[in-house]
Amino acid sequence: MPKTINVRVTTMDAELEFAIQPNTTGKQLFDQVVKTIGLREIWFFGLQYQDTKGFFTWLKLNKKVTAQDVRKESPLLFKFRAKFYPEDVSEELIQDITQRLFFLQVKEDILNDDIYCPPETAVLLASYAVQSKYGDFNKEVHKSGYLAGDRLLPQRVLEQHKLNKDQWEERIQVWHEEHRGMLREDAVLEYLKIAQDLEMYGVNYFSIKNKKGSELWLGVDALGLNIYEQNDRLTPKIGFPWSEIRNISFNDKKFVIKPIDKKAPDFVFYAPRLRINKRILALCMGNHELYMRRRKPDTIEVQQMKAQAREEKHQKQMERALLENEKKKREMAEKEKEKIEREKEELMERLKQIEEQTKKAQQELEEQTRRALELEQERKRAQSEAEKLAKERQEAEEAKEALLQASQDQKKTQEQLALEMAELTARISQLEMARQKKESEAVEWQQKAQMVQEDLEKTRAELKTAMSTPHVAEPAENEQDEQDENGAEASAELRADAMAKDRSEEERTTEAEKNERVQKHLKALTSELANARDESKKTANDMIHAENMRLGRDKYKTLRQIRQGNTKQRIDEFESM
């Protein structure tokens with residue numbers, strides 16, 4: 001039995017290991033990968049490897065894996081990557097896994113600066129990436145530093161602004177909070193809808209020369225071929241849609257494109273190496289095939305996939321709505337519980353206050369009772385003294401009469417009797433005054449006692465009212481092929497039909513232009529980052545982008561502009577570059 005070969009395939013978020021036979025073809029390995037990860041939109045993807053010369057190459061599906069220039073390592077290493085890009089992610093990418101694989105690959109290209117992304121867009125994209133990873137922002141869970149382990153912005157953007165890690169996190173967090181209620185899958189799609197408007201998104205660049213020998217860039221993408229000047233890969237100067245091309249071929253380093261317009265000359269350029277022309281041919285054929293397919297009715301398979309995706313999305317939305325409803329109910333129950341606890345605490349505090357007031361009133365009552373007793377004792381003492389004084393007065397009266405009688409009996413001298421009479425009269429007068437004073441004091445004590453008695457009655461009534469307040473009960477708790485590398489020439493006929501005239505891509509607008517919310521966010525971020533920007537660290541791409549913005553250009557306006565005039569005019573323009 002032939003010895004098996006170990007293979008390791010790295011997708012954007014997983015590592016897969018397989019054991020293949022020496023006669024296993026590229027297609028068999030590819031099919032095994034897509035089956036393992038559950039991917040059905042296979043036409044966008046391919047398997048990439050590093051050949052023995054160090055170049056990254058796409059695995060040919062119609063040849064044996066071992067017959068290709070794969071480095072003889074163990075295991076054999078491959079990357080599962082998007083080879084072709086959709087025109088419109090929201091219309092073409094059906095499965096969640098397809099969207100996620102594109103999201104992860106595009107995000108990596110942006111972070112590595114393989115796709116130029118302006119700072120304000122980079123921050124907004126970062127917030128969608130965070131929403132897709134963490135879901136809704138929750139201050140109880142997402143504490144300060146929760147993004148410390150995430151790579152979210154291109155190094156260029158970090159170096160161009162005088163902001164530390166915490167300040168970047170604060171800005172991304174603000175926009176993360178803005179996405180509350182957005183499904184993670186929707187955040188992935190929103191990221192891609194904005195990213196697909198970036199000028200370098202989905203473009204494969206190749207260094208070429210025209211007949212004059214001018215060094216230029218050829219950009220191959222989902223919409224056609226574009227020509228760029230050597231120092232500007234953001235702004236194409238000439239464009240040829242796939243619908244204008246009928247044949248592509250190369251002979252060694254010379255590449256020839258034959259337009260559908262018979263009056264137009266051939267479009268000829270030169271690549272530095274034969275292998276580059278092979279790769280250009282393969283990309284042209286694949287992108288042209290997908291361009292034509294999009295302009296035809298969906299196949300039964302695609303219709304079924306879309307129907308299934310709609311059903312799955314509807315199911316997720318229902319589940320989400322159910323979860324949100326349960327969450328709201330739980331939050332309401334928590335709030336109600338907190339309210340009851342708060343009311344309970346307030347009532348307990350009120351009860352405590354009433355108890356303190358009752359205790360204080362009781363103490364005052366006891367004090368008033370004690371004082372009333374003291375006053376009663378004082379009154380009795382004053383009354384007793386008054387009675388004593390009255391008795392003494394009576395005795396004095398009797399003594400006076402006795403003296404008078406004695407004077408008669410003893411016949412004392414008039415002077416002595418007068419003296420004694422004067423003394424007795426003075427004594428009687430003093431006693432009378434003392435008696436009146438004591439009676440007055442007794443009356444005063446009687447009035448004070450009466451007032452105390454009234455206060456006592458009033459306090460007893462208040463106490464009775466306080467004690468009668470009812471007790472408050474406690475509340476209840478609640479996925480063509482590159483040509484054979486041995487051939488120095490190859491040709492491909494790019495079939496066209498009535499659908500070829502459909503150039504609807506020229507009518508497209510950017511997500512920021514369509515979506516007021518995105519437009520508003522980008523405007524706010526531009527303003528917010530302006531003060532922290534270090535102008536001395538601007539790159540050539542930054543300056544090109546700024547100039548394009550100043551002139552009101554975007555990816556689709558530029559596309560319309562570079563396709564103006566007939567094919568011959570544009571080819572002549574290319575030759576004169």
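Placement of Cβ uses the backbone N, Cα and C atoms for every residue, glycine included.
Per Swiss-Prot, the features are:
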type     : residues : note
COMPBIAS : 375-401  : compositional bias 'Basic and acidic residues'
COMPBIAS : 476-487  : compositional bias 'Acidic residues'
COMPBIAS : 492-518  : compositional bias 'Basic and acidic residues'
MOD_RES  : Ser74    : phosphoserine
MOD_RES  : Lys79    : N6-acetyllysine
MOD_RES  : Lys139   : N6-acetyllysine
MOD_RES  : Lys165   : N6-acetyllysine
MOD_RES  : Ser407   : phosphoserine
MOD_RES  : Ser527   : phosphoserine
MOD_RES  : Thr558   : phosphothreonine
MOTIF    : 115-120  : motif '[IL]-x-C-x-x-[DE] motif'
- Same-chain residues six or more away whose CB lies under 8 A from the CB of Thr558 (phosphothreonine)? Glu199, Thr235, Pro236, Asn548
- Task: For the compositional bias 'Basic and acidic residues' (375-401), find every same-chain residue at least 6 residues outside the stretch whose CB is under 8 Å from a CB in it, and list them.
- Result: 421, 424, 427-428, 431-432, 434-435, 438-439, 441-442, 445-446, 448-449, 452
- Query: What does DSSP say about the residue listed as 'phosphothreonine': helix, strand or coil?
  - Reply: helix
- Taking only the modified residues Ser74, Lys79, Lys139, Lys165, which one has a CA atom nearest to the CA atom of Ser407 (phosphoserine)? Lys139
- Item | Residues that sit under 8 angstroms from Ser74 (phosphoserine) by C-beta distance, when 6+ apart in the chain | Ile5, Asn6
- Candidates Ser407, Ser527 (modified residues); min other-Cβ count within 10 Å returns Ser527
- DSSP assigns the residues of the compositional bias 'Basic and acidic residues' (375-401) as 27 helix, 0 strand, 0 coil
- Cα of Lys139 (N6-acetyllysine) to Cα of Lys165 (N6-acetyllysine), in Å and rounded, measures 18
- For Lys139 (N6-acetyllysine), the three-state DSSP class is coil
- Item | Among Lys79, Lys165, which are modified residues, the residue with the most C-beta atoms within 10 angstroms of its C-beta | Lys79
- Message: So, three-state DSSP: helix, strand or coil for Lys165 (N6-acetyllysine)?
- Response: helix
- Item | Pairwise CA distance, Lys79 (N6-acetyllysine) versus Lys165 (N6-acetyllysine), rounded so that it is a whole Å | 32
